[in-house]
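S.K.: Please find one structure pasted underneath; my questions will follow.
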Amino acid sequence: MPEISKTAKDDSKKLSQNKDEKSPEDVARLKARLRDTYSDEMSVASEHATEGTRRKKVRCITRAMAEDFSREQVLLSSLIETILYIIFAIACCIHVSSLKSSNMYYMTEALKQGLFSKEFEPDSDEANGESMEGIKFPEITTVTDMWLFMKKIFIETVYFDKYYNKYYTAENPKELSILYENLLLGVPRIRQVRVTNDSCEVHPYFQRLFKLCFAPYDEESEDTDPFGLNEGTAWTYSDEDATGNIDFVGKVATYNGGGYYLDLSLDGNEAKNQTSELVDNLWVTRHTRAVFIDFTVYNANLNIFAVCKIVFELPPTGGVLPSYKFNCVKLISSLDQWAHVTFVCETVFYIFIVIYLMQSVREFIYFRFKYWLRFWSYIDCIITGLAISTFIMINYKRNHVEGYINTIKENPASYGNLEDISYIQGLHDDISAITLFFVFIRFFKYLNFNKTMGQLNDTLKKCAVDVLGFSIMFFIIFFAYAELGFLIFGSQVKEFRTFGHSMFTLLRTILGDFDYEAIEDAHRVLAPIYFLSYIFLVFFVLLNMFLAIINDTYADVKTEIAITPSELQMTDYLKLHFFRIMNKCKCFKLKSMPVKRDEYNITADEIRSALGKCGFSYLEIEMFFARYNINPVAVVTEYDINKLVGDLERMTPGTVAGKPLSSESTKYTEELMM
């Protein structure tokens, strides 16, 4: 039963004692007052009881939930969650970092140097008696150069089976090694994709000159009919389920995993004969849009697989565009001590993910739909979602990688296809890296409990609307310049060849990386106008506007932090509990507790509002601030308050600055003096 206030008790006593002395109206009025007072007291007591019950029921609260309770509860929850999150972040960092190593870079560079740094010259019959300089892989521009690279560089490098002293490089003479240390899994594969000869329509003006039309590559225009010898996988189409290859994003188009393919022989001489047969029977024609050379190597010293792809794109414009992609991945676990450490960290990481998932569900139940109004809720969902996806992919890889390797062992004369599993592993590594990025971003959530550390969060939160409005204006101008650059210089300048490349080129221009001579050679009149107007409008105007928005907001946040009443900080909280522990252990005794000063930390806005209600003008208020040395970034101390109250007490009662006060103004003056 809640305790009734003293006023209600006095009214009840007065009603019983003076019931006969009062008129019926007074008695009824007093009864109503007693009833209302009792009802209010019961309501307040009920609310306190409900709040107390709620606090008793809520256990193991999170930091977000603790904000509905006391400041000490917020600090305690923040401290516990910060310590646990540091453990989680360390485990995540070790787990993700173990997926990549610098050895992958050196292995990629070794393969690139072995294949692409060598020059090759045409045969004597192909040179027609003329002296021709050697070319390298990036300089390939014709189909003839492509075939010469395959015969003189690729086959000689991949089918490297003996040392310089004529001994075999591998223990088994049938095994092939690249650069002495990298074992070739299976054999290389040559594959091409083609388009039909009626995939586009020639303009009527030129139909007499051009009977056939070969469109750029896409799946609708892809050719699947047999050609040439009309037998064998090199001359008949195989879909991507039969080839096992995956789609490839090239410079010109995205190519299907199917096509016409040939697995080379285990013998180098036989592989050269197979290539010569393709050349003699005109395997590459105007139908061809891309030629792929696929092979897989394994380095036992590093336990790294490299899935390699050399690409020659043949666009409808003519010529050849060479490119390559080497994907180095770890598909099987190592057996050293560090592997056990990474496995433990991986286990700890996923245990924490389960805990944070349960925590998110708990907060959603507590906050209901208000849960989605908090920024960090989205970060938590992103981290949890990415971690769950990596867990699914890593288990898929572990369950299927053994089957892929066994297939290669059972079919040594076939292409060692690890494209699918290596793509999943690469995707897992990329998503894990993004997860680690958001894990570090989430640290700001736990740094926000302190005024100083929360400045960045408050700045970004307060300037979000201004930055959004600025971004709309910025991107309108930015897209306009990107489209203009693409239309003017796109046909001649590599950096402006597409709208997307134009955007990235303009972003690099803001950072000072720009090739002005290239656009000047493309258009001598419009190039300087385009460049100077972009630099002036974007770099000198818009960029400085953005910095001004951030700077002003940061200054406002610092001002608010300076004038905001101080709260219990984490350092004070830790000191307080440290001294309590020391007192209990009788190590030493704390002589005095810190004095609370919150009652003297009055903001300048409160003083300005009180003086305005008392009838002071804006100029008089500013003079008042100057007299008592009050400014928005200074703390109003106890001495300042005593001096202010003393001067007000010496004023003539009922007047301020020689002006008579109304009853309402007198009330505000008394409030200010209290």
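Cβ coordinates are placed from backbone N, Cα and C, and glycine is handled just like the others.
Feature table excerpt (TrEMBL):
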- Asp640: Ca(2+) binding site (BINDING)
- Cys200-Cys213: disulfide bond (DISULFID)
- 137-332: domain 'Polycystin' (DOMAIN)
- 337-557: domain 'Polycystin cation channel PKD1/PKD2' (DOMAIN)
- 1-27: region 'Disordered' (REGION)
- 74-97: transmembrane segment (TRANSMEM)
- 338-359: transmembrane segment (TRANSMEM)
- 371-394: transmembrane segment (TRANSMEM)
- 431-447: transmembrane segment (TRANSMEM)
- 467-489: transmembrane segment (TRANSMEM)
- 529-550: transmembrane segment (TRANSMEM)
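In the displayed structure, how are the listed features positioned relative to their neighbours?
M.R.: Annotation for Cys213 (disulfide bond): same-chain Cβ neighbours under 8 Å, separated by at least 6 residues, are Asn197, Asp198, Ser199, Cys200, Glu201, Val202.
Same-chain residues lying 6+ beyond the ends of the transmembrane segment (371-394) with a Cβ under 8 Å from its Cβ atoms: 64, 349-350, 353, 356-357, 359-360, 363-364, 424-425, 427-428, 431-432, 434-435, 438-439, 441-442, 445, 461.
Sequence-distant contacts of the transmembrane segment (529-550) (same chain, six or more residues past either end, CB-CB distance under 8 Å): 459, 463, 466-467, 470, 473-474, 477-478, 481, 484-485, 488, 506, 509-510, 514, 516, 519.
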S.K.: Same chain only, please: residues at least 6 beyond the ends of the transmembrane segment (338-359) with a C-beta under 8 Å from a C-beta of the stretch. Say none if there are none.
M.R.: 62, 84, 87-88, 90-92, 94-95, 98, 380, 383-384, 387-388, 391
S.K.: What same-chain residues lie close to the transmembrane segment (467-489): Cβ under 8 Å, and 6 or more beyond its ends?
M.R.: 495-499, 501-503, 505-506, 518-519, 522-523, 526-527, 530, 534, 537-538, 542, 545-546, 549-550
S.K.: Which whole number is the mean pLDDT over the domain 'Polycystin' (137-332)?
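M.R.: That region's mean pLDDT is 88.
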S.K.: If you draw a 10 Å sphere on the Cβ of Cys200 (disulfide bond), how many other Cβ atoms land inside?
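M.R.: Cys200 (disulfide bond): 14 neighbouring Cβ atoms within 10 Å.
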